[in-house]
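K.L.:
After the structure tokens below, expect a handful of questions from me.
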Amino acid sequence: MSIATIPVSSLRRAPAPTTAPQAPLRWQVEDIAALYELPFMDLLFRAQQVHREHFDANEVQLSTLLSIKTGGCAEDCGYCPQSTHFETEVKASKLMPLAEVIEAARAAKDQGATRFCMGAAWRSPKERDMERVTEIVREVRSLGLETCMTLGMLQAEQAQALKDAGLDYYNHNLDSAPEFYGDIISTRTYQDRLDTLGHVRQAGINVCCGGIVGMGESRLQRAGLIAQLANLSPYPESVPINNLVPVAGTPLANTAPLDPFEFVRTIAVARITMPLTMVRLSAGREQMDEALQALCFAAGANSIFYGDKLLTTSNPQADRDRQLFERLGLKTQGARPAAQQAQ
């Protein structure tokens, strides 16, 4: 199964889905750019209306992210300190032993997480790795947690093996609009990413796919990223929106920060164009104050990464998140029994 990059000229609107993302909106990039141009309060109001139509606006889903294999990646993603192309403080490690993964998963569940996401810094997993990662999926899922993995590019048979092990979600981000992508990455094509998403869909695994903003892209290119995500068929069940965390030693280390209101606009536009997805605040949340996070929730974000670290970057401490939720009157989404996951 292959997914092609969507030409701007071919995108047309269709009726909005009402019960499931199987019939997604078809958006022109210019239409999404027009949403960005709305007065800030009008955009938030529209996003909040869409959000309340499909979700409890006071409920947030908690995911925890663990790096099960850090560093040593052959890709040259300009934002990533795990790349072997750049001199950073990240040290390469081998795949984490199963017992350590399970210990971390239990701790995440005890703190209220309902989904446990595991990342390995590979271009793609080798066959010798697949037996170990599928065992990890089975064991984590047996704890009653939803499971998500990001392992790089997948072949169809690898996606099927993960499905057979019970994987609920696979994360593979598009990162940016096609027009900006080549400025950030040269070792993996945009079509490579789309092909992996196609294999994941064909295997029957839920898709977690988002991108990174604040890498120096234009507003129109941010709109282009949202268009690519919203026009996947179906659009992702989970959309993580990352705000660049510049890391010393990477090509993007000195990138100027994105205007905070522009980040909130991106959350709102993602909610409007993908009304049934879980929009997740991801990397960069540590750099946001509580007022900015509250605006993001008002704009339609309904999921966060929960815990002190995201792969190699810091994240707000769990106690701070709980205090913020209490002050905002937010509740956390309960876990589903394992038997109900990835049906």
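Every residue, even glycine, has its Cβ placed from backbone N, Cα and C.
Look at Swiss-Prot and you will find 58-285 tagged as domain 'Radical SAM core', backed by sequence analysis. Under the heading [4Fe-4S] cluster binding site, Swiss-Prot lists Cys73, Cys77, Cys80, citing sequence analysis as support. Swiss-Prot lists Cys117, Cys148, Cys208, Arg280 with the feature [2Fe-2S] cluster binding site, giving sequence analysis as the kind of evidence.
Each of these features: where is it, how hidden is it, and who are its neighbours?
P.N.:
Around Cys77 ([4Fe-4S] cluster binding site), taking its Cβ as the centre, 22 other Cβ atoms fall within 10 Å, counting all chains.
The number of other CB atoms found within 10 A of the CB of Arg280 ([2Fe-2S] cluster binding site), across every protein chain shown, is 25.
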K.L.:
How long is the line from the C-alpha of Cys80 ([4Fe-4S] cluster binding site) to the C-alpha of Cys117 ([2Fe-2S] cluster binding site), rounded to the nearest angstrom?
P.N.:
18
K.L.:
Measuring Cα to Cα, how many angstrom lie between Cys73 ([4Fe-4S] cluster binding site) and Cys208 ([2Fe-2S] cluster binding site)?
P.N.:
21
K.L.:
Suppose the [2Fe-2S] cluster site is Cys117, Cys148, Cys208, Arg280. Which further residues of the same chain have a Cβ inside 8 angstroms of that site's Cβ centroid?
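P.N.:
Output for this site, in sequence order: Ser63, Leu65, Arg115, Thr150, Tyr169, Asn171, Ser238, Pro240, Phe305.
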K.L.:
Near the Cβ of Cys208 ([2Fe-2S] cluster binding site), how many other Cβ atoms are there if near means within 10 Å?
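P.N.:
A 10 Å sphere around the Cβ of Cys208 ([2Fe-2S] cluster binding site) contains 27 other Cβ atoms.
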K.L.:
Between Cys117, Cys148, which of the binding-site residues has its C-beta surrounded by the fewest other C-beta atoms within 10 Å?
P.N.:
Cys148
K.L.:
Including all protein chains shown, what's the count of other C-beta atoms within 10 A of the C-beta of Cys80 ([4Fe-4S] cluster binding site)?
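P.N.:
For Cys80 ([4Fe-4S] cluster binding site), the count of other Cβ atoms within 10 Å is 25.
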K.L.:
Distance between Arg280 ([2Fe-2S] cluster binding site) and Cys77 ([4Fe-4S] cluster binding site) at the Cα atoms, whole Å?
P.N.:
21
